[in-house]
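Student: According to Swiss-Prot, the protein has these features:
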type	residues	note
BINDING	59, 88	heme b binding site
DOMAIN	1-142	domain 'Globin'
MOD_RES	1	N-acetylserine
């Protein structure tokens, strides 16, 4: 679980990167679809799955809106992300292992865009945060 120090670190990093959230999300989505091509099955209804396509960029923005929601509910992500968990479990039927894949891609992009801020300590806190976020999204699968 996240310590108070982790929560403070996540909030500090989010405060710094949130202005670029759309770019981070778009890049992370594009990377996920290229590096983990099996994830494309969830987006087969999109006309263009290339990294810079409009659907990929738009979904990246949507994903980062969810990350913002998780940051704002950092003390209880399971409750705060309940509706998103239900949507992904019952409507979209996304395999919850994909949450970890996309989380990793987001961490990679943050590290590339903010190398001075993404210290080893920040990395640990953000990784723990995304593990918690993934777990919260997987809650309705049980």
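Including glycine, each Cβ sits where the backbone N, Cα and C put it.
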Student: Between residue 88 (heme b binding site) and the residue listed as 'N-acetylserine', how far is it from one CA atom to the other, in Å?
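Tutor: Cα to Cα, residue 88 (heme b binding site) and the residue listed as 'N-acetylserine' are separated by 23 Å.
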Student: Give me the Cα-Cα distance between residue 59 (heme b binding site) and the residue listed as 'N-acetylserine', rounded to a whole Å.
Tutor: 28
Student: Could you tell me which of these recorded positions, 1, 59, 88, has the greatest number of Cβ atoms within 10 Å of its own Cβ?
Tutor: 88
Student: Could you pull the average pLDDT for the domain 'Globin' (1-142)?
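Tutor: Summing pLDDT over the domain 'Globin' (1-142) and dividing by its length gives 96.
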Student: In which DSSP state, out of helix, strand and coil, do we find the residue listed as 'N-acetylserine'?
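Tutor: DSSP call for the residue listed as 'N-acetylserine': coil, neither helix nor strand.
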